[in-house]
Amino acid sequence: MELVQLKPLLFTLLFISYITVEVSSATIAFHNKCSYPVWPGIQPSAGKPILVKGGFKLNPKQSYALRIPQDWSGRFWGRQDCVFDAAGNGHCGTGDCGGTMYCNGAGGAPPATLAEITLGELDFYDVSLVDGYNLAISIRPFKPKGGACSYAGCVKDLNQMCPVGLQVKSRDNTRVVACKSACSAFNSPRYCCTGQFGNPSTCKPTAYSKIFKTACPRAYSYAYDDPTSIATCKGGNYLVTFCPQH
């Protein structure tokens, strides 16, 4: 496949750096507005190809854009406080995918904020807190062909308002680095929407999911959240931003 430089898409307007990548179809760009490095992880849905070995590093203010197959689907998340050796072995403080720089199809350990997307004739995308929260993420379409193409994301720092029972502390125990879902923290059918709570009529918002939803109304807060949390767009390209309010 032909190699191109992707600076004309959105990066000239944002004055951010760009990286040369392979061309195939729709564009997804990642931009790190956090004040610290983020290691994005990428997990394809079953049967879909692994992209860029499933992970890479983004320094503050750095961007990475790639073209992906039209019918690709999968999820993205940000890893924090990572340390890797020259071979790519190591660990991350949040979102770790098996102790490696390159996730290679593996998912991130919760809690982790997830950006999910399914490309097709009509694209579907959302930001999910169902597996908890570790950092703010947004998805914003650009240059779409049609559709509502609304914004999706969780831009608030939920770590600052995370209930004590859901908090994940740093190794030195001085700060909250992630916020568990109630399902992960308590493993209860009521919070996990399993057993007798395994359908939309019985699995309702809880006090914990309401905290997430109030802070981030454009994100999924629990398994049977309002379907309006899913955004749609036709023929779009997408900008995934870490720490979008910074």
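Using the three backbone atoms N, Cα and C, a Cβ is placed for every residue, glycine included.
Automatic prediction, not curation, is the source of TrEMBL annotations.
Keep in mind the model is a prediction, meaning the values are calculated, not measured.
The annotation signal peptide is assigned in TrEMBL to 1-25.
A simple way to gauge crowding: the CB of C34 (disulfide bond) has 20 other CB atoms within 10 angstroms, across all the protein chains here. Annotation source TrEMBL lists disulfide bond at C34-C243 (among others).
What TrEMBL lists as disulfide bond is C82-C92 (among others).
Per TrEMBL, disulfide bond is recorded for C97-C103 (among others).
Around the Cβ of C149 (disulfide bond), the number of neighbouring Cβ atoms within 10 Å comes to 20. Here TrEMBL flags C149-C233 (among others) as disulfide bond.
A C-beta separation below 8 Å, combined with a sequence spacing of at least six in one chain, links C216 (disulfide bond) to V127, L129, G153, C154, V155, K156, L158. The feature disulfide bond is assigned by TrEMBL to C154-C216 (among others).
In sequence order, Y133, V176, C179 are the residues of the chain that are 6 or more apart from C162 (disulfide bond) and have a CB within less than 8 Å of its CB. Annotated disulfide bond per TrEMBL: C162-C179 (among others), in sequence order.
Residues annotated as disulfide bond in TrEMBL: C183-C192 (among others).
Around C193 (disulfide bond), taking its Cβ as the centre, 18 other Cβ atoms fall within 10 Å, counting all chains. Look at TrEMBL and you will find C193-C203 (among others) tagged as disulfide bond.
Each residue contributes its Cα atom, and for C192 (disulfide bond) and C92 (disulfide bond) those atoms are 26 Å apart.
Cα-Cα distances to C183 (disulfide bond) place C193 within 10 Å, out of the disulfide-bonded residues C34, C82, C149, C193, C243.
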